[in-house]
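Below is one structure; the comments refer to it alone.
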Amino acid sequence: MTITAGAGVVDVNDDQYEPLLNNNSDGDYGEIINTRIDHEEEEEEDMVVDYRGERVIKGGSNNKLGGWRSASLIIVVDIAEAMAYYGIAANLINYLTGPLHQSTVTAAANVNTWVGFIWMLPVFGAFVADSYLGRFRTIVFSTLIYVLGLGLLTLSVVLPSLMSQPDCPNNSENNTSCNSPSSFQVIFFFSSLYLVAIGRAGFKPCVQAFGADQFDGRNPKESKSKSSFFNWWYFGLCLGSSFSRLILTYIQDNISWGLGFCIAFISLALALIVFVLGTKTYHYSMREDKENPLFKIARVFVAAARNWRISFSSTILQDEEIRMPNRIRVGVHQFKFLDKALIDTSNSPIGSSKHGMQCSIAQVEDAKVVLRLVPIWITCLIYAVVFSQFSTFFTKQGSTMDRSIGPGFEIPAASLQILINLSTFVLIPVYDCVFVPFSRVFTSKPNGITMLQRIGGGMFISTISMVVAAIIEKRRLLVARDFGLIDSPEAPVPMSVWWLAPQYLLIGLADVFTNIGLQEFFYDQVPDELRSIGVSIYLSILGIGSFLSGFLISAIEKVTGGGGHYSWFSNNLNRAHLDYFYWLLAVLSVVELAAFLYFSKSYLYKRGASM
């Protein structure tokens, strides 16, 4: 079979590369289009091998590798890492204001900076994994750095030469007898702390992607298991963080900081040993194409930009679909400007070899896949702002309320955060074992609902949580006024702290839908070569959301706190208006949800995605 394209005749049955000529509208010249598709490129799937590098083949002796046996080991590692991370993060501000004698403002700034790095650095760790080392090696090397950082942190609070003076009171600027920690002590502590951040940058995006790699998404049964893996992965994370928030923080406050950090160190060291012991059981994804996958995608955008003035006929792509009937092109009508990256100007009268660029259809498709993710990423940022409130203003609300449980005992305000974990413990099994099978009856989808439907459902629930939080805060302010406590911020408002339980539980419910859905979505929808980066993209949503929350609070503080007025975030919460802030977030969430639904409606899932 032959087709005519301008001045050239092409045999579409020829397996060899044949350039197609595309005449522009004036018919002055033709541009050569790169339509070569190798047989390996036709599938664009990573090759799965065992620990010896032998390809895993269905029915082969190594076909029993991977699956839940391997994934369960990785979930155990996740639990231990969550214990280690939250063993530091949950109580870090108390260590900075206590043994390190920093002011509250300085300590808060240091914590926010460190947390920002914690969530943003995984993008670079994922780049190293997907481009150079691979996920398994990156996990091992980064965990070694992680363990080293935890060990040095432990030494900083155990060795006498590195310990600061524990009896130095806070806010002691006028106390000349107070011995502040030396510069070396501070540098040693923060160097250890940021070494932990560097180690976690490689661990966090890779270990989750590596766990999901143990399932074949093209197999309907394993596709269901992969979706369940993300649920149980998050269940493990909540289990580890709950242990740290309840047990390790108590040990650090009441027994020893050194013991608390040491438990975190030991838990991750043991997790590394468990992970390495499972080496022979894992599936490993291996690219046959050694070219950097990010560079291939970047080349598409560069080539399309260089060729933007050149006329391009879409009939070329239609002809190519005749040539390769087995290749399903998703989103062929989206981002058509990127199709100009197929033009090779090196042999064109207006081009030169210096500026020539060849991109395959597969590479253009991958670039379109990445570009389709951008609107979804943007429309999830307000959700991340909402999600960041439970560790700040929810806790501040609780600190002003009646927290007594029986005579002579008060629960810490921060302990209510455990309600999020508890709701997650209950809801993940219910979601996986009840909701998914039930919804599958009506939708006929393996996962019950699509990933974007799951994310959108959680965003709706988070919006409701802000409405509930605003209503409860308004009631708290009215109770404070009725009892004459407006100017008595130290006196507890006679309103039980358990009034805050609904907003915590709603955040936990939203967490099960949106956070887990985002993890699965960005892992599943990026090109196969970039799955670690896909997980890091999800993490970056939380990081950017935290930065946006800080920016929004600072801006509102300046606008509402001028002219001698009490701001929305006054130190005296009885004269503040957190309810206004919650209503603002609710409105922004509605706008965000509308935008999310708009982009979700037109979103095209990647070929072969589990949805």
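Glycine residues also receive a Cβ, built from the backbone N, Cα and C atoms like all the rest.
On a predicted model such as this, the values are computed, not experimentally measured, just so you know.
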Need the matching range: TrEMBL marks transmembrane segment on one of 5-22, 455-472, and I'd like to know which.
455-472
Which sequence-distant residues neighbour the transmembrane segment (257-277)? Criterion: at least 6 residues beyond either end, Cβ under 8 Å.
73-74, 76-77, 79-81, 83-85, 87-88, 91, 95, 99, 139-140, 143-144, 146-147, 150-151, 153-154, 157-158, 244, 248-249, 251
The transmembrane segment (580-599) and the transmembrane segment (183-203) contact flag, 3+ Cβ pairs under 8 angstroms:
no
So which residues does the transmembrane segment (535-556) touch in its own chain, when a touch means Cβ under 8 Å and the partner is 6 or more beyond its ends?
112, 115-116, 118-120, 122-123, 125-126, 204-206, 208-209, 373, 377, 380-385, 387-389, 392, 518-519, 521-523, 526, 567-569, 581, 584
Against which stretches of its own chain does the transmembrane segment (232-251) lie, if we need a Cβ under 8 Å and a gap of at least six residues from its ends?
74-76, 78-83, 85-87, 90-91, 208, 211, 259-260, 263-264, 414-415, 417-418, 420-422, 424-425, 428-429, 432, 511-512, 515-516, 519
Stretch contact, the transmembrane segment (113-133) with the transmembrane segment (414-434), Cβ-Cβ under 8 Å, 3+ pairs:
no
Which sequence positions outside the transmembrane segment (140-163), separated from its termini by at least 6 residues, show Cβ-Cβ distances below 8 Å to it?
81, 84, 88, 99, 125, 133, 185, 188-189, 191-203, 206, 257-258, 261-262, 264-265, 268-269, 271-272, 275-276
Look over the recorded stretches 71-93, 183-203, 414-434, 455-472 and say which has the most C-beta pairs under 8 A to the transmembrane segment (373-394).
455-472
Against the transmembrane segment (183-203), which of these stretches has the most C-beta pairs under 8 Å: 71-93, 414-434, 455-472?
71-93
